[in-house]
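Over in Swiss-Prot, the protein carries these features:
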TRANSMEM  20-40  transmembrane segment
TRANSMEM  43-63  transmembrane segment
TRANSMEM  95-115  transmembrane segment
TRANSMEM  142-162  transmembrane segment
TRANSMEM  167-187  transmembrane segment
TRANSMEM  210-230  transmembrane segment
TRANSMEM  234-254  transmembrane segment
Amino acid sequence: MNLRDKLDVYLRLARMDRPIGTLLLLWPCLMALLLAAGGMPDLKVLTIFIFGVVVMRACGCIINDYADRDLDAHVDRTKSRPLASGEVTGREALILFAVMGLFAFGLVLMLNPLVVKLSVVGIILTIIYPFTKRFTNMPQMFLGVVWSWSIPMAYAAQTGEVPAEAWWLFAANWCWTVAYDTMYAMVDREDDLKVGIKSTAILFGKYDRQIIGLFQLAALACFITAGWAADRGLVYGLGIITFVGFSMYQQKLIHERERAPCFKAFLNNNWAGLSLFIALGVDYLI
């Protein structure tokens, strides 16, 4: 394998060819920076967090695939991943994870000590998450914490503290993550049952759609409260209404629990997050 082919494999291992995860991480992080800064985040902080989201999402994908390398080969959707297919060795994956993790930590060192401390917790959570699928039926709930951790970090970077209002956005994103990652887990439910991977899609069973709906409602309530705490106005409210519309569309897609529509519902959450972020940004502008 030549250098160009090897680089392509590493990029696929880091999921650089599939940006959906990065985008789902990015929108709430940017919202946190906007709210923490009153609409005008520091350019240095903004740049560091954008790069940090990209790199840490890649780290999460690498360590996830390393943990699942023996299981992914038995799942249709994941059997072609570089580790599962043998294109990359476990040692190579760990080295790449370490290099990218150190790069991300280097970015954080340019910020204040509180952010550095929170980042250490974040990397530990990132490493633990893939293994939660072995011993709990609720890995999506743990993932919700991991994927929301940039929110208190963003507040800490911008203000030097993590105020109470930050946790409303954290709670909103946690509920939203559980909802959309359960949709994602519905795609693999049959394969996961065969190989012993646990998920909320399996745990919720025939009540999956209803429970996803409850998490969507809880996310909505917390997003509203976060906006209220920051004294947001009409445009943010329109963003909330748009978010509701996307959530209803996702419920329609997962109604029959078929793989392709469930995956489409998962992907649709990118537009839900983007619309809410844009609404928040415009609300500050006017």
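Every residue gets a Cβ built from N, Cα and C, even glycine.
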Range from 20-40, 142-162, 167-187, 234-254 with the greatest count of C-beta pairs under 8 A to the transmembrane segment (95-115): 142-162
Long-range Cβ neighbours of the transmembrane segment (234-254) (under 8 Å; 6 or more residues past either end): 180, 183, 186, 208-209, 212-213, 216, 220, 223-224, 227, 261-262, 264-265, 268-269, 271-272, 275-276, 278-280, 282-283, 286
Cβ contacts under 8 Å made by the transmembrane segment (167-187) with residues that lie 6+ beyond its boundaries: 24, 28, 31-32, 35, 77, 140-141, 143-145, 147-148, 151-152, 199-202, 204, 208, 211-212, 215-216, 218-223, 225-226, 229, 250, 254, 257, 259, 262-263, 265-266, 269, 273
Intrachain residues whose Cβ lies under 8 Å of the transmembrane segment (210-230), provided they are six or more past its termini: 35, 164-165, 168-169, 171-173, 175-176, 178-179, 182-183, 200, 204, 236-237, 240, 243-244, 247, 250-251, 254, 276, 280
Long-range Cβ neighbours of the transmembrane segment (142-162) (under 8 Å; 6 or more residues past either end): 24-25, 28-29, 32-33, 35-37, 41-42, 45, 48-49, 52-53, 56, 60, 111-112, 114-115, 118-119, 121-122, 125-126, 128-129, 132, 136, 169-170, 173-175, 177-178, 181
Intrachain neighbours beyond the transmembrane segment (20-40), with Cβ under 8 angstroms and 6 or more residues off its ends: 46, 49-50, 53-54, 56-57, 60-61, 147-148, 150-151, 154-155, 157-159, 165-166, 169, 172-173, 176-177, 180, 226, 230, 266-267, 269-270, 273-274, 276-277, 280-281, 284-285
